[in-house]
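These notes concern the structure reproduced below.
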Amino acid sequence: MTTARANQGKIPATVITGFLGAGKTTMIRNLLQNADGKRIGLIINEFGDLGVDGDVLKGCGAEACTEDDIIELTNGCICCTVADDFIPTMTKLLERENRPDHIIIETSGLALPQPLIAAFNWPDIRSEVTVDGVVTVVDSAAVAAGRFADDHDKVDALRVEDDNLDHESPIEELFEDQLTAADLIVLNKTDLIDASGLKAVRDEVSSRTSRKPTMIEAKNGEVAAAILLGLGVGTESDIANRKSHHEMEHEAGEEHDHDEFDSFVVELGSIADPAAFIDRLKGVIAEHDVLRLKGFADVPGKPMRLLIQAVGARIDQYYDRAWGAGEKRGTRLVVIGLHDMDEAAVRAAITALV
């Protein structure tokens with residue numbers, strides 16, 4: 001029996017993964033607003049205590065996915081908490097009277113997709129849901145700038161001389177695992193690079209995985225629902241061919257640890273001059289090697305909150321929705337960096353900007 005026939009009648013689920021700041025949430029927001037009449041159930045796994053991505057999507061006003069259809073798993077990597085968090089959450093979603101037509105799962109930028117995909121073979125889930133496909137979103141501008149290539153070349157060259165350098169950096173492993181798991185790769189932010197840069201990105205991404213999934217280009221996360229949904233792969237049946245670094249380490253008796261990354265929340269008052277704040281924030285991010293920053297700001301005299309999303313020195317900002325009646329106004333930012341980031345120094349530097 002073919003995979004497509006075996007999965008008839010099951011709810012399709014699309015796993016959307018990608019490195020920090022690749023544009024997953026923006027792409028999902030666009031998808032929800034153009035869902036072709038499908039009712040979408042959304043599970044969001046965020047890294048950090050403040051559920052920024054979930055709040056952004058809840059505020060998008062899409063009829064395809066109401067607030068009740070959005071479930072957040074915060075402050076825990078879904079790849080490490082499948083049994084405790086994901087499976088009970090999925091079961092609860094399936095028990096609803098008004099079940100979704102399609103389920104979208106957004107992993108955190110730190111999640112390994114493979115354990116999540118394997119969870120769809122859990123008996124209670126396998127009989128009800130199939131993985132329609134895994135979509136990996138790539139920050140084309142970051143890859144074009146050599147963010148991963150430099151680390152790979154250095155480690156690969158030194159590994160021959162030093163047995164202690166047998167494993168590549170955790171960031172690079174995440175990138176490669178997300179590519180290896182993909183059925184569709186979205187090269188996002190292609191408007192930020194030229195034709196030669198795009199070719200280099202395609203070559204780089206292709207070299208990172210032995211599998212050759214389809215690659216498409218996008219800007220601002222704009223990809224049609226007809227492209228993202230309905231792949232019909234049944235990825236859970238092919239998980240053995242998508243082995244991650246994580247699984248290979250476990251086979252060798254090693255453990256996976258997300259302590260390479262830290263996150264914390266900075267809470268501030270109002271931002272009187274957001275343009276000046278953003279400009280100075282770029283300096284703080286560059287000085288302290290902050291990987292990702294995201295959150296909201298309160299601007300006096302503005303009825304809407306200002307959404308702030310930073311990947312490296314590149315910062316996007318826009319007013320996303322009005323403050324709710326009785327909602328406490330303020331500025332809340334999630335900062336994500338490597339484990340040796342000086343939290344006290346970063347917190348003090350950001351606080352000093354106000």
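Every residue gets a Cβ built from N, Cα and C, even glycine.
The DSSP secondary structure for T190 (GTP binding site) is helix. There are 21 other Cβ atoms within 10 Å of the Cβ belonging to T190 (GTP binding site). The GTP binding site annotation in Swiss-Prot covers 18-25, 80-84, 188-191.
Annotation comment: Swiss-Prot describes 77-80 as motif 'CXCC motif'.
Residues annotated as domain 'CobW C-terminal' in Swiss-Prot: 261-354.
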Count of other CB atoms lying within 10 Å of the CB belonging to K24 (GTP binding site)
25
Which entry in the list of binding-site residues, G18, G21, has its Cβ near the fewest other Cβ atoms, using 10 Å as the limit?
G21
